[in-house]
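**Q** Got a structure for you, questions after.
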Amino acid sequence: MATSTMLASSMATSLRSLPAHALVPLVASALLFLAAVARGVLRRRQRPVYLLNYSCHLPDVDRKVNLEVCEYFGQRCRHYSDDTADFMRLIYRKSGLGQETYAPPFIFSGEFQKTQAFAVQEAEEGLFATVAHLLAKSDVHPAEIGVLVVACSMFSPAPSLASMIVRRFKMASETKTYSLAGMGCSAGTVGIDMAARALRVSRSRRGRGGYALVVVTENMSLNWYFGENKHMLVTNCIFRVGSAAALVTDVAARRADAKYELVRTLRTHHGGDDAAYNAAVQMEDEEGNVGVALTKDLVRVAGAGLRQHIATLAPHVLPVSELLRYVWRVARAYVAGNPKAAAAVVPDFQRAFEHMCIHSGGKAVIDAVAKLMAFGPQVVEPARATLHRFGNTSSSLVFYELAYFEAKRRVRAGDRLWMLAFGTGFKACSNVWRALRDSAPDADNPWNACAHRYPAALPPPSTRRSSGAAVVDGAHVKSDKLP
């Protein structure tokens, strides 16, 4: 009690000593925070939405790819010069990927050509197997699915991927389907947000609950880059095959069967800034080869986007004690005449969540998030492990991280879990969950055969270099080598 009184007195003295130009923003922020708290208390609680279950695709063993396979493909396809092959080898070795990721079927075909048929094959292998496993273990018939959300950024055929799933599983004609494209790695968390909203709208109209199926994947078969642009070659080295499916419901009777309850979602879009919009763009190179260019601004844009995102999320998830501690640290920095230090202060989100599925799009991105949020190695361990074992599987990666927590049996009933993903545009999206029961790995958990090998001796975090070097997903490349 005495300690609390002394702290309050010290804070009051420091605040009184602040100049008006510094005090006004703090008071305004405090009022906004109180208003947000009041809204949360007074607002009628939304009907809960549950994550009944989910599945992650584990491709066949003959789809595994390592550095040796990549080098063989690069030499046999005869699309790359020796300099380009050396560059991709450098990126691969510094990417944080291991030797057991999975590649699309055309890599192993011997034809060395990307075709529509290979893209369809890649999509069907991941989507159909994942959905079948999920429905079987969730005891839900395909005809009961009222909402279907399918996301794939780089492959949008006609009929759509959603239509392919409806046809394969003979879903009801009343099923509302949504196909998301171009959302990047954030599509998994965006899909959960969209499904939850669709369920609530459907209940308000029909008066009863239902099921929403979210299926996320990425497709590399038509997006493998065969040119010489180094910004566009990076995707060949870090993106790998992966799919996930999640079944969410607002049926109260299924709460006992569900794994998690959705507490909150947040989506922020930073595309109004040109650098953010152009950080990752699908384009043609000078020779007409199509690929995705990852610019040297990507890591900086991710950090800036994350800072704005957490500023919106913090008042809704952090305990009041941590918010007060954050205000105190900012005020103390201002009093000391160090506004830059005040701007760099970030709340401790480990006081809000027991587990975090952080975007594992690349080693440099993980390093940037860890540095900004002051996360220790144990917090980003699942992200590094997922990148090492499966590579960047785009929109499904947060579900592979969730599966890692369950394979390790770390989640306990009541634990709070944060899914954070970034996407092209530039977008950031969060899903906040509360565990309803202790975790245990399902029979189809993709980590069942390898979780015991992690945490492995992963590569050390990227170190900052001079301004003359660009960071491209963990690899530092001198600017004069980039076109």
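Cβ coordinates come from backbone N, Cα and C, glycine included.
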**Q** Need the matching range: TrEMBL marks transmembrane segment on one of 178-199, 332-353, 354-375, and I'd like to know which.
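**A** That would be 178-199, the stretch labelled transmembrane segment in TrEMBL.
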**Q** Any idea which of the active-site residues His269, His355, His359, His388 has the thinnest Cβ neighbourhood at 10 Å?
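**A** Counting other Cβ atoms within 10 Å of each of the active-site residues His269, His355, His359, His388 gives the minimum at His269.
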**Q** Find the shortest Cα-Cα separation between Asn392 (active site) and the active-site residues His269, His355, His359, and name the residue that gives it.
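**A** Nearest listed residue in space: His359.
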**Q** List which of the active-site residues Cys185, His269, His388 have their Cα within 10 Å of the Cα of His359 (active site), in sequence order.
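**A** Cα filter at 10 Å returns Cys185.
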**Q** For the active-site residues Cys185, Asn392, which one has its C-beta crowded by the most other C-beta atoms within 10 angstroms?
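**A** Counting Cβ neighbours within 10 Å, the top one is Cys185.
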**Q** Among the active-site residues listed here (Cys185, His269, His355), which has the Cα closest to the Cα of His388 (active site)?
**A** Cys185
